[in-house]
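What TrEMBL records for this protein:
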| type | residues | note |
| --- | --- | --- |
| TRANSMEM | B:20-41 | transmembrane segment |
| TRANSMEM | B:197-215 | transmembrane segment |
| TRANSMEM | B:222-242 | transmembrane segment |
| TRANSMEM | B:248-271 | transmembrane segment |
| TRANSMEM | B:292-312 | transmembrane segment |
| TRANSMEM | B:324-348 | transmembrane segment |
| TRANSMEM | B:369-394 | transmembrane segment |
| TRANSMEM | B:538-559 | transmembrane segment |
| TRANSMEM | B:566-589 | transmembrane segment |
| TRANSMEM | B:595-617 | transmembrane segment |
| TRANSMEM | B:638-661 | transmembrane segment |
| TRANSMEM | B:667-691 | transmembrane segment |
Amino acid sequence: MNKTTFGYSKYAILLFFCMSSLFAIPQTKQLISPELTTKLIETIKDDAIILGSGGKEIHIFIDPLCKMSQRYLKLLYKRNNAIFSEYTVYLYLNELKAKKSKKHILNIIHSESKEKMLCDIMLGNQSTILQKIRNKETEKIFQKISTVAKRIGVYKRPYIIINGKAK
Amino acid sequence: MRIFQNNFYRYYQFILKFRIPIITIFTLIFLYLVITMTAFFTHNDDTLWLKGSNEYKKLQEKTHKQIYIQKLQLKVGDKPFSKENINNLQLLHSNFEKVKHIEKIKSPLTHNIITSSDDNEGSSLVELTMLYGKTVNEISTTLKSSFKAFSQFYSSDKETLYVYVFSTEPIDYTKVYIPFKHKIIGVVEKENIFKDSILFAILLATLFVLFSITFRSITPSILGTIFIAFNSLFTISLYQFIQPDVPVHVSILLVAIAVSIMDFVYIYYGWHIMQQAHSHKRSIYYVMMKTIKPIFWTTVVSVVGIGSLIFHNSIILQSIGYNVILSSITAFILSFSLLIALLSFFKIKNPYMITKNSSRFFAVLEAKYELIVLKGFFLITIFVFIISIVFVILKPTSMVTKSNNKVISLHFPSDGLTLEALKKAEHFHHDIMLKFEDDIDDIVSIYKYAKGFTKAYDPAVEFKVENINMDFILFDFKLYGIYDDVVKDSGHQMSIYLEEDGIDKNVILQWIRTWDKENTTLLDDVNSLLNSAKNDTINHMIVVVIFILFLISCVIYYITQNKVYAFIALIINSIPLVWFFSILIILQLSLSIEILVAMIIMIALSSDASIHFLYYYHRNLRYKTSDEQFLEHSFIEVGTPIGIGSTILLITFVLLVFANIPTISSIGMYSVLLITGSLIADLLILPVLFIELVKSKTIRPN
């Protein structure tokens, strides 16, 4: 009896998923309000890689192995005169599961010269030699950024936030 | 002898008495002016058109600088996306990048396209891409596969590639290697004092030879050359004194020469033939008496009529006005002082009369005119006139159509990239596309990019300017380097690229100028500014032409106290103008300084001829004289100097057509056309019309 009930419920769950995918609403860009986003961002600002020193802040979640993030970073450096004098760019390293980039991110966070390491991995032609990082502090930063990203609803890379609002 | 007991005779005696001091004073002034002459003639009328134009004034008030846009038409053959063509396009870019003052180049390589990429693994990006910097193969493949996005740069048969060059100063494209067969519109003509001096010398030499041939004597050649050189130099010097900051256009020289030739020919010819019956000194007095009144009134018509151009804002019209006033007054003063003094030193033995036989021939021919031919001619002229008027009313801007530079650049003053600025741009986009959708290829503006980015981020969401996130737009504009392209001097720029075979650019320009009720939108590309400036002068020019016709008629009525004479003057002067306008419209020729100068020369000549002819007819009308005799005498006394003066000018202008200076060649060509028309009207139609309307109706006293 139990076996039969389980059998039906299995199909019912499958049907539910199929139906829910049919009526799926478009992916929400931002799960929380801009005010809360700004507050959360403040908690991870110290862990960001900072480019430029302009009056306006821009926060970008990137994955070092994401091609689009790499293109975006390249563009930022290409237009550095126009951008870095007017904006302060905060780069947050946030892994995309498909890219399996945790090792790269930990290496960058752990590095003494984060920006150089970031550029080596994302913009360099040669593959960078990576170390196995077992530092708790580094892992903590990685997790902290991931948690904030999840709460905000960071669903793609690069994910850009200005004044608490996501693109 | 009452004829010798008047102030005029005393004036004649005064000139003769002091002829050496008079000649010395004028010569010294002439030499001083030659030595101190600093005027360089400009061949480029663009600057003159722009100065004083309303749109240009608006631009200057906002301290916004004008830009130059050159549309290059490059022949790419039947394989437009071949490696060779792409390589050449890249080479063209690199050649232009080295040229100072070039700000940007708009071509398939620099054409911005907003794209959205997604790898379905969480990476996605909206970006602005261009082909510049990509490999030849990539470029060629993209152009082939996404031709629609680049179609605005190619002609419909894909054999011509359009490239737009934006610069802060005019560029000499002859100095840039363009690796295509190409066509460039409106290349700037360079000033060349050597070329101008040679031209002036050839002009004087031609006049010298023509005077010798006409009168079989070297005397008129010497006197004519001196008179024309003095009048031209005095006119230009006086103009420089009055308007020191305005460059002298080379065509002004031709106006001065044309005015002085006619005055000289009337006086010299009269004096020349008068010596068949009188002494050379008595002939001077007689010719003075005969010519002073018509020359005075032709000077009045030129000074008041054409001179009224000085009241227009346009510097180019002002300069023509001032120069006609100065050359007419100077020619009048020199005619009755220097020329008289010079003539007193010369004597012609057996004066040769060039038109002795031809005057009779034409007189016989015209006296036996067919009324039906005359009526037919006038009917055709009226028909042509009506057609021209209808065409001008239906398509008023066709008069200023010129360039193939089918691009318009606009500047909208704003506080930078704001929501308000975007709303205004959206409003403009909506209105212009509603009206000219089929005639516009592309509009590059803040609105285009803002809409492009917003729609790329959220394709499913309906686009509304109010919902645009300005922070992101501003950042994207800076990141992709388009901010400086579309935002300038706190305002925003808009470039409108027009369809090659679309509606006349001037129609769109006029629409833009009336669209902005607040009158804050600025045209900032030189080509569009020039088109607007020319367009603004059309009405004024038409008013001036009508005013001159009215003035000539008034002068004739004042002299003759007869309405029919005034009517004849009006008709005769209108005929060449009507035909000329219809030719302009049929051939779709654009209004330029060359055409205006040619028209002014023609009006001056035509009014001269009508006043001289009708003044003669009025004074010599005798009912007893046969039509043939009457016409023969009028041709000998008046028709001949008109014919000689016009023919000499005609030959001179024909020579100018072959001068390797485009402005001069154009003036030459238009003047030849107009002077021929004017000569036909004056020598063939005026006498016949006079016989028909006046002489045949003269009542014999019982």
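Glycine is no exception: its Cβ is also placed from the backbone N, Cα and C atoms.
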Select the range from B:197-215, B:292-312, B:369-394, B:667-691 that forms the most Cβ-Cβ pairs under 8 Å with the transmembrane segment (B:638-661). B:667-691
Near the transmembrane segment (B:248-271), which residues from the same chain, at least 6 beyond its ends, have a CB less than 8 A from one of its CBs? 39-43, 45, 48, 196, 200, 203, 207, 215, 220, 223-224, 227-228, 231-232, 235-236, 239-240, 280, 283-284, 286-288, 290-291, 294-295, 298, 302, 316, 319-320, 323-324, 326-328, 331-332, 334-335, 339-340, 343, 593-594, 597, 600-601, 604-605, 608, 612, 637, 640-641, 644-645, 648-649, 652, 656, 661, 663-664, 667, 671
Which of B:197-215, B:292-312, B:324-348, B:595-617, B:667-691 shares the most C-beta pairs under 8 angstroms with the transmembrane segment (B:566-589)? B:667-691
Which one, B:197-215, B:538-559, B:595-617, B:667-691, has the most C-beta pairs under 8 Å toward the transmembrane segment (B:369-394)? B:667-691
Report, as numbers and ranges, which residues of the same chain sit near the transmembrane segment (B:595-617): CB under 8 Å and 6 or more residues beyond its ends. 251, 254-255, 258-259, 262, 266, 293-294, 297-298, 301-302, 305-306, 316-317, 320, 324, 328, 541, 545, 548, 552, 555-556, 559-560, 565, 568-569, 572-573, 576-577, 580, 584, 589, 634, 637-639, 641-642, 645-646, 649, 666-667, 670-671, 673-675, 677-678, 681-682, 686-687, 690, 694-695
For the transmembrane segment (B:324-348), find every same-chain residue at least 6 residues outside the stretch whose CB is under 8 Å from a CB in it, and list them. 12, 15-16, 18-20, 22-23, 26, 217, 219, 223, 226-227, 230-232, 234-235, 238-239, 242, 255-256, 259-260, 263-264, 267-268, 271-272, 275, 280-281, 284, 288, 292, 295-296, 298-299, 302-303, 306-307, 309-310, 600, 604
